[in-house]
Ligand SMILES: Nc1ncnc2c1ncn2[C@@H]1O[C@H](COP(=O)(O)OP(=O)(O)O)[C@@H](O)[C@H]1O
Ligand SMILES: [Mg+2]
């Protein structure tokens, strides 16, 4: 049964409609997204899977407002992102959306604490000390707050990136292969962290991965091929409805 | 944003240092250049001789007014010779109501008047000017007026080119340092900085650097201008009592200019970045968009056409003007190279690939790929190298060529074996009657003034008695005859004739050195204009006493000649006189050479800086290659191959630019098609460029390679 029912439509964290994105690769148009419709419900953990080049990253980036679709619409909560100016889009991103990328998440010049508070600082918001303390404790980087990213392991860096994403109390966190550069032991620790954030705080997470083990932590798995959704499966409906 | 800007600065000391050095040197140069202008514009000292005269009337300037394309203009030059006042002027002035105590002579009149404007009117009708206050010192001290003119000309005209160079270098360095952080900036955008915030951060950063550079640059500039002032006095450019400014006004102006240039270039570079997609932060390698604009190509071709055609136009005569012409031509070429650099780099990479492969194997293969992929990023580096090679290879040699040619022309043009210096009242006829004396030519070094569009130009000239000149002078007359120069005619150099469009038989309008307007017929055109001035007048036209006598005589006439000229004059062999001239030339060229050295040095510094910044920006790329299995040794060889390729292209392009510029200017000045270029000079330029290209890349790269590749691939840019 589809996740979207009438009474849950209001609780959609992110909604995309007829999303297409074409790239111009040396004069040759490449269709990365070919008409995607999807709704991501609040408090759920979705994995986006598919072969390399199927459009996973493009979907994530357009849904997150990092890139603009060629056509179609993107809603975060009630706001239609596709209509916003670049500056307004940025303001929306830094108040409602968190990101975790595969690597290069952190600014080398800033220490861990400064990296975590960067979006808050840029929006001129006063950091909520208690929430920050909770977040850093939660992801387990409390003891590394004054270190530089270069002095951290890959797993620690991803934890800092997750803390930065959570620091703004986002409506949704997007993650693009957050464990792609980690060994399997570290990866499962990071995935468990993401899972527990969904379970304990009702956070919405959309994560791109090509690893079935990583996808097994999610409530729902959306599979892409050639820019289209070819499968959409709920695997933990009980938790998702919690 | 300033806080974040500071953090980001502290994190990349290498490229910050490079930018700082460019800024410090820029402020230093601008401050001392500005001090020259400031000295030229500063209040004059109190008059001595005319301390008690309320108003002085004299003829020291020539001013013209007119209309050029409907716009009114005024042009003024200081007269090269003291102008004398017409005999009736004193009486005319006495008739003006309110004028009292008129006294003086043909040189200057002093008076008191209640109505200055009325006096000015009467003076102007006689071509004279009215001097009051400290301006009176200009009447009694022509050396002060001359120093003033020199300071303004050098500081203003040449200084303008230095300012352009500094702006070019600062903009390039800041732009490069911003572009090399594309990924960090994309990440900032992704993690919630608006385009405006990123722009403000980059501008804050540039402002911080500019101010920091000024903190060092201003004291350095003040010291430099103090030293420059001492040198100018010691070398006789400026009288000792002139009272040169030390740059207290120039310094803040220099700081303001540098801050504005830094802010402007940060703004420009960040505008280019505003197209950055935050999504770029996610991709493996942040590359600039490969698409190159047709507009850029168009402007590049226009600049190139402009440079080539400007080299066909003959440039103004005289060392200073020639230099300015050469520099502006160079700038056009360099601008063209800057605009076309991505295409140049792309083409080079294609054609160099087999060469680099043959020389460096797999490392050469990688180097060629890098040059091709980085065609755009490499533009700044190529431009900086071409700029310093183009500069080094032309302006220095140009100054040398002008000096050499002048002396050469003097040597071959002087047929007289003997020269009498400071002849005073010696009778030319008496000398001519001495047995063994074949010919005597009195000569006065002077200058005339010609109108060029809406400005007045002072042109070096000689007044001679043409009667016996055939035996004493060989000006290499091309058309007409020197002997035909009389009271109503002149001979002109080929350079001057070409730029004024004068032909034999034409009427030439000019002013004599004392400001007398004349219309004179062109009787001859000669080639040796550098050695003998661009205009030859007859002493019948300009009757001031000669400054030297050229004497063609046998050696046995010397004792009689010496006896005849008396104690105050000196007789020397003409070669000795020429040697004296060449020494004077070297002294007057000192300032030019200093400015040229500064410009070449700064261009070289810019190249070194640019390459250091570019090398330091490659941390991640090198780490990725290392992780892919390329050994450190191979990486080093790859960098060597890249630099060798870049250097080769720069030497080729810079060399062609230098050769074209030098040839065009030397040809315009001397008529010689082949400029003189000493081998040692060429080797110095090549060696310097090689040292810069290799040293500034290999050292930073070696440092990068010593660091752990994993850490570099992971987090840092
Ligand atoms: N910047 C780009 N320019 C041109 N083509 C791109 C660009 N980014 C992605 N693509 C193309 O779009 C398609 C989808 O890419 P992507 O979304 O990155 O796939 P995935 O993340 O599933 O591997 C691929 O064919 C890719 O080559
Ligand atoms: Mg991807």
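From the backbone N, Cα and C atoms, a Cβ is placed for every residue, glycine too.
The feature transmembrane segment, as given by TrEMBL for the ranges B:359-378, B:379-398, B:399-418, sits at B:379-398. Contact between the transmembrane segment (B:323-344) and the transmembrane segment (B:644-670) is supported: at least 3 Cβ pairs lie under 8 Å, counting only residues 6 or more apart in sequence.
Tertiary proximity for the transmembrane segment (B:248-269) is limited to same-chain residues at least six positions away from its ends with a CB under 8 Å from its CB atoms, namely 23, 26-27, 30-35, 37-38, 163, 166-167, 170-172, 174-175, 178-179, 199, 202-203, 205-207, 209-211, 213-214, 217-218, 221-222, 225. Highlighted: of the candidate stretches B:16-37, B:158-178, B:206-228, B:158-178 has the greatest count of Cβ pairs under 8 Å to the transmembrane segment (B:379-398).
Outside the transmembrane segment (B:16-37) by six or more residues, the chain places 9-10, 151-152, 154-156, 159, 162-163, 166, 169-170, 173-174, 177, 209-210, 212-214, 216-218, 220-222, 224-225, 228-229, 244-247, 249-251, 253-255, 257-258, 262, 598, 602, 605-606, 609-610, 612-613 with a CB less than 8 A from a CB of the stretch. With DSSP classes pooled into helix, strand and coil, the tally for the domain 'ABC3 transporter permease C-terminal' (B:158-276) is 98 helix, 0 strand, 21 coil. Beyond the ends of the transmembrane segment (B:158-178), by six or more residues, the same chain brings 15-16, 18-19, 22-23, 26, 29-30, 33-34, 36-37, 185, 202, 206, 209, 257-258, 261-262, 264-266, 268-270, 273, 320, 323-324, 327-328, 331, 334, 380, 383-384, 387, 595, 598-599, 602-603, 605-606, 609-610, 613-614 to within a C-beta distance below 8 angstroms of the stretch. According to DSSP, the secondary structure content of the domain 'ABC3 transporter permease C-terminal' (B:595-708) in residues is 98 helix, 0 strand, 16 coil.
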